[in-house]
Every structure is written in structure tokens, then in C-alpha cells.
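Report on the structure given below.
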Amino acid sequence: MSDREALSPRLKTQSPSLMGGQSIENYGSSSSSSWYSRFWSSARRTKPLTSAFDDVVARAPSSDGLVRRLSLLDLILLGVGASIGAGIFVVTGTVARDAGPGVTISFIIAGVSCMLNALCYAELASRFPAVVGGAYLYTYTAFNEIIAFLVFGQLMLDYHIGAASIARSLASYVATLLELFPLFKDHIPSWLGHGGEEFLGGTLSINILAPILLTLLTIVLCWGVGESSIANAFMTVTKIIIVIIVIFVGVFKVDVSNWTPFAPHGVKSILTGATVVFFAYVGFDAVANSAEESKRPQRDLPLGIIGSLSVCIALYIGVCLVITGMVPYYLLGEDAPLAEAFTEKGLKFVSVLISIGAVAGLTTTLLVGLYVQSRLYLGLGRDGLLPSIFAKVHPIRHTPIHSQVWVGIVAGLMAGLFNVHVLSHILSVGSLTSYSVVSACVVTLRWKDKSGTEFSSRWLRAWDEGVICLIAVAFCGFGAGLIFRYSVSFILLIVAFVLAIIATAALYLRHSYEDARGFSCPGVPVVPTISIFVNMFLFAQLHYEAWIRFVTLSIIMVGVYALYGQHHAKPNSNETIIYQRAPQEATR
């Protein structure tokens, strides 16, 4: 008998007389109960965790696997490329209009909170087998199949909408650069690059250049990870150099008197700014999704995650100090504050560099985003939660071409037909929820007593107690965020903090924690619970439509899982993952 048959009892089809006189009504109730039991049994399945320090044995021809080509430098540039886009030239100035020079503190607070998430990602990247999956894989192992599928769904909607939105922005920047040449000035129609030509009352917004750019990037990614890594490295280095030039040139135009007052609208404006700029750092998790193509994953993945985030923090702080020192915060522009600041100082050439940097930044962000999406689809295809076509890897190019083309088609249709910018306020749900779940994974995987007998109370197992504490921290973070957002009561805010501290103390006192092999997140369970609290605090700052999107998409994903995923899932598929070293590594 197969595993699926063992987990999913067959539905009896005998007549009532053959079932001991069981009535049709009772049989219907039994069938419903059988379906529910089968669904619940499937949903609770977990993926076995094999040792991250042992190579996974190849069980298929070596030509069918991904190739380990990415070095530590490649991984750092991958993380920086995913995080720093045009936002560094826009978001910094926009938030500074409210937070004043204190926007620097906003970026530091957001950077520290992201570093907590990065530490959790770094431990799991070091602990898990070096295969694709990222947050989805961690959740599948630490919790269960249905939660992993929900995490994937939330992440993918973020990635799809984000890719289409970035593609439109990139098209607009490319058109702006082309208009610097007399041949194209005032000759590029809106349907080609700027925004889009609207039809049906704005329901459709046609843009031709965005899908073309997506097609070109998809071809690069299908060609090979080595080629796409070179493209990403070139453009990421270009934008880093431009940002450094901007900082260096701007330093000589700084008037320190512009830094006074440092927090003109108080501390709350700085904290509110931190919730906004947090999303400027999102992207370091892309490094974790490149595990199967990293040369030395157990060593390089943690360094790549933390290293890329550290570079982003340093660049953001430098830009914040320069822009608020050059121009009084209340005079900063809305759309292109950094470029306008340099133009006012008579440095027009720097404004041109900023436009080039924005194009390079958006290109790398889009490139890495498309790359990550295809690897997630590859992971679910291997596990059977999606059709097997997504699991196919090209035997020559060593890339998941089917997954990559699918991602490109979805993003291309959205970018070419719809004004996806209006959906921006429902973004970031997937990032915040996946970050929270990853932090919870670190805690649960460190528990020594995973069966739940030790330290158990009369009613609950230790595992259940721990999960309840983690959920309590998440709700406290969300509640504190709502209280802060609507300025309800300072006392209630303190109560939310105290309850979160009590739940964290219970996690610390009621469980014993084992040491992690490889990179170890410090301060478990305190650091992960702080990360969860902060993520859910930020979740509460999102537009209410983002909350509706979270609930609606979760219901849809449960339906998809019930109809397809539970019947095709293969939790033990990690046994067939192919480990293939890069050519230069195989000769060592």
C-alpha cells in the first residue's frame, strides 16, 4: 500500500446492505467525515529534514539538475540587487518630509528590525539542505504542508504584482533616459513607456515596453544562472558606484544647520517613517532561495544574507544624511527629491547619474524577483503541490525554464494590460507573514523536546504550548500596531508589550533549546519573538485592503490545496533532489 493510500482511506462504495444496514444518511455523514479526515491528515504532513551538512545523493542523470555557480560575492550582490531599487532615490526624501533629518534614525530602526529577520533566515539557510524553497521549505519542515502552501501563496502574489509594477516603473525610466536624445524627445507615446494608454474607464492600461523588458530579462534568466548572475553583478555594481558618487559629491554640499531640528515632528514621526522604509530593505531573502545554486551554501548563505543587508543599511544611511543636509527637509520634492536637490545645487550631471542608477536599480530588483519566483515554483513542482512541469530543469542550461517562462508570462500580462500601481497598497503582506513564520520556524526547530512530553501541562503538550505562545506574540504585535496606528491608548500599548514579554518568557522557561549546527541565530527564543512582534506591528500599518487580501487569498489557497495539492503532494521528494557542483568545484 502506498503512503497516500495509508494516509487517505478509500471511500467505501458498497451498498447499504453490504455495510451492515448503514443508512444513506449515515453513509453521507461517514463520507464527509472521511473527506475531512483525509484533508486534515494531508494538511498536517511535514517534510523530513535531512542533514544540511551531507550532500544530497543524485538519483537522476546529472544533466537534469541546477548547477552550483554562485560565489559569496554573487550572493551579496544578489541580495543588494533585490533590495536597492529606485526607492533609494525617492523613498528617502519622501519620508524625510515627515520625519525630518530623523529619517536617518527611521532607516536604522528598520534596518535593525530587518537584521533580526536576516539572522533567522541565516540560521535556517545554514541548517537546511541546500535546495530551493526558502521560507516555504522551512515552514514545510517546521510546521506542516498547508501552512507552507499558504506562505507560498502570499509570497507569490507579492512577487507577481511587484514584478509587474517594477516593470512599468522601469519602462518609464527607460523612456525618460531615451528622451535625453533629441531623436526621441517628446516622441514616445504613453502606451509605449510612460504609464499607459487607458481603456474601458481605466480598467485596462496598455503598456508595450514593460512586457518587452520582462521578456528580455526572462531570456537572460533562462539562458543560465551564470549569465544572469553576471548581468546582475554588473548592474548592481553600477548602481552602488552611482550611490557612492552621490554620497561623496553631496557631502561637500551639506549644511549641518539643516539637521536642526533633528526630529521636527517628534518621535512618532520617526517610528512611522520606520514602518514605511522597512520595505526598502525587503529582498535579502532572495539569497536563501538561491541555496541550490550556491557553491558553498552552508558557509556563504548566512554571510550573503547578513552581508547584503549590511551594505543596504550603510548606503541608505549615507543617502539620508546627505539629502537632509543639502536641502531643508520641508523643501524636498515629492517625486524625485534626490535628483531635485542636486539640480538646485547646480549639479545637473548627478541628476543624470541618479536616473541611470534608478534604471540599474529597478533592473536588478526585477531580475532577482523573477529569479526567486521561478525557484519557488520549482520547489513546489518537486513536492507535487504544483504540476510536475514546474519541476523540470533544462538539461543543458540547468535552469527551470518552464517555471521561468510562466513567471515571465504572468508578469508580462499584468504589466502590459493593467495599471498595477493601484495594487501597491496590498503588497508586502507576503513578505511580513513569511518573515514572521520563518522566525517561528527557528524557535520550533530548536526545541529539544519536539514530541511534547517534557515540560507539558495537564492539558497541553509542550509543542502546543510553544505554538500558542508564538501566536500570542504575533497577536500582541498586531494589536500594538493597531493601537499605535489609531492612537487609541498608551496604556493599552504597554499592555500589549507586557503580554508579548510574558509569552516570550514562557517560551524561554518552558522549553529547552538545542544548539544549531552551522550558523546560529543568537538569543533564541528572544530574537525570533522580537522579530515576529515587529513584523506583525508593521502588518498593522498596512492598508486595510491588505488585510482583506490576506484573508481572501488564504481561503483561495486552501481551496486549491483541497482540490489539487493534498492529492499530489510528495513530502519525501527531497530524496530525489539532485546535487551538482559547479565545474570548477568538482575538480577540487
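Each residue, glycine too, has its Cβ placed from N, Cα and C.
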Feature transmembrane segment in TrEMBL, mapped to one of the ranges 75-96, 427-448: 75-96
Closest-packing stretch to the transmembrane segment (75-96), where packing means Cβ pairs under 8 Å, from 266-284, 305-329, 349-372, 401-420: 305-329
Long-range environment of the transmembrane segment (349-372) - Cβ separation under 8 angstroms, sequence gap at least 6: 78, 80-89, 134, 159, 162-163, 166-167, 169-170, 173-174, 176-177, 180, 213-214, 217-218, 220-221, 228, 231-232, 235-236, 238-239, 242-243, 245-246, 249-250, 283, 285-286, 289-290, 336, 338-340, 342-343, 404, 407-408, 411
For the transmembrane segment (130-153), distant same-chain residues with Cβ under 8 A (at least six beyond the ends): 42-49, 52, 56, 66, 124, 285, 288-289, 291-292, 294, 297-298, 301, 372, 375-376, 378-380, 383, 385, 430, 433-435, 437-438, 440-441, 444-445, 553-554, 556-558, 560-561, 565-566, 569, 571, 574, 577, 579
Recorded stretch that, among 103-124, 204-226, 305-329, 466-484, has the most CB pairs under 8 Å to the transmembrane segment (266-284): 103-124
